[in-house]
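What follows is a set of notes on a single structure, which appears directly below.
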Amino acid sequence: MEQTLKGDETGWWVVSDAVQIWMPQGELPRGTATEWSLQGKTARQIGEWQGQPAWLVCQGRDTDMASVRQLLDQDVGLFQLAGRGVQLAEFYRSHRFCGYCGHEMVRSKTELACLCHHCKERYYPQIAPCIIVAIRRGEEILLAQHNRHRGNMYTVLAGFVEVGETLEQTVVREVMEESQIQIKNLRYVSSQPWPFPHSLMMAFMADYAGGDIKHDPKELRDAGWFRYDQLPQLPPPGTVARRLIEDTVVLCRAYHENEG
């Protein structure tokens with residue numbers, strides 16, 4: 001429930017606007033509302049971390065606004081909590097007016113929703129389901145350079161679920177569209193909220209079944225098979241992509257040792 005801060009409230013402070021968060025000194029603020037000059041602001045508690053509440057304040061600051069990605073290197077759990085705040089702040093920012101009748105909406109006091117008192121429509125935060133998949137061929141893993149990524153990082157294949165698709169169908173389609181290969185033995189591994197801006201990554205592993213790699217230049221700069229002990233630059237620890245790669249490397253190494 002939203003409340004006006006008196007000043008003595010304490011905890012972690014997710015001050016967010018336009019998919020960015022306030023990171024003074026490169027860290028998420030922690031302490032009382034008064035310490036961070038937040039008294040009088042409207043806030044909502046969005047969870048807890050290390051025994052202290054986490055508060056969302058939907059407002060930008062003139063300085064020290066940064067991407068929530070910075071928290072990945074500090075603490076994965078804190079990154080996930082701050083990412084929740086970023087997604088909620090963006091939801092509120094993009095749902096000021098009703099999409100049906102155009103009237104101004106208000107935030108629900110009892111749930112995470114926006115309400116239109118004119119036509120009685122109710123809106124909830126949108127989540128975009130995505131798949132991400134690691135594919136193994138013997139002692140090798142398929143890795144690719146995505147056009148949307150900077151630098152020389154290689155990672156596994158990923159894509160959005162389309163209307164009417166199952167997750168399994170999405171994996172097969174995305175792999176075919178991006179690499180032109182077939183897969184088998186598809187199995188679910190894990191999931192990770194990804195606040196860029198509001199995705200939910202659902203991770204899979206699969207085995208190579210056939211075909212030659214022909215990467216889609218609209219999506220990928222490069223794609224290829226990499227031996228488990230000759231890997232390129234990888235995604236940072238804490239990402240589900242890195243976990244998939246590390247888990248697949250274990251299988252690749254076991255395959256090499258058994259075949260050797």
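Note: Cβ is positioned from N, Cα and C throughout, glycine not excepted.
Swiss-Prot lists Arg69, Glu111, Tyr124, Gln192, Pro193, Trp194, Pro195, Phe196, Pro197, His198, Ser199, Ala241 with the feature substrate binding site. Under the heading Zn(2+) binding site, Swiss-Prot lists Cys98, Cys101, Cys116, Cys119. Per Swiss-Prot, domain 'Nudix hydrolase' is recorded for 125-248, and the stated evidence type is sequence analysis. Under the heading divalent metal cation 1 binding site, Swiss-Prot lists Ala158, Glu178, Glu219, citing sequence analysis as support. What Swiss-Prot records for 159-180 is motif 'Nudix box', and it gives sequence analysis as the kind of evidence. For Glu174, the entry in Swiss-Prot reads divalent metal cation 2 binding site, with the evidence type sequence analysis. Taken from Swiss-Prot, the feature divalent metal cation 3 binding site applies to Glu174, Glu178, Glu219.
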Candidate binding-site residues Arg69, Pro195, Pro197, Glu219, pick with smallest Cα gap to Cys98 (Zn(2+) binding site): Pro197
Using the Cβ center of Cys98, Cys101, Cys116, Cys119 as the Zn(2+) site position, which other residues in that chain lie within 8 Å, going by their Cβ? Gly99, Tyr100, Gly102, His103, Met105, His118, Lys120, Glu121
Cβ-Cβ under 8 Å from Cys101 (Zn(2+) binding site), same chain, 6 or more residues apart: which ones? Cys116, His118, Cys119, Glu121
Residue among binding-site residues Ala158, Glu178, Glu219 with Cα closest to the Cα of Pro195 (substrate binding site): Ala158
List, in sequence order, the same-chain residues at least six positions removed whose CB sits under 8 Å from that of Glu174 (divalent metal cation 2 binding site)? Ile131, Val133, Leu157, Ala158, Gly159
If you count other CB atoms within 10 A of each CB, which of Cys98, Cys116, Cys119, Ala158 wins among these binding-site residues? Ala158
Quick check for the class: what is the C-alpha distance, in angstrom and rounded, between Tyr124 (substrate binding site) and Glu219 (divalent metal cation 1 binding site)? 30
Just give the helix, strand and coil counts over the domain 'Nudix hydrolase' (125-248), going by DSSP. 22 helix, 55 strand, 47 coil
Cβ neighbour count (10 Å, all chains) around Arg69 (substrate binding site) is 13
Record lists Arg69, Glu111, Tyr124, Gln192, Pro193, Trp194, Pro195, Phe196, Pro197, His198, Ser199, Ala241 as binding substrate; longest Cα-Cα distance in Å? 32
For each of the binding-site residues (Pro193, Pro195, Pro197), count the other CB atoms lying within 10 A of its CB, then report the residue with the highest count. Pro195
Quick check: which same-chain residues outside Ala158, Glu178, Glu219 lie with their CB within 8 A of the centre of the divalent metal cation 1 site CB atoms? Ala144, His146, Leu157, Gly159, Glu174, Glu177, Ser179, Asp216, Leu220
So what sits near Glu178 (divalent metal cation 1 binding site) in its own chain, CB-to-CB under 8 Å and at least six residues off in sequence? Ala144, Leu157, Gly159, His215, Asp216, Glu219, Leu220, Ala223
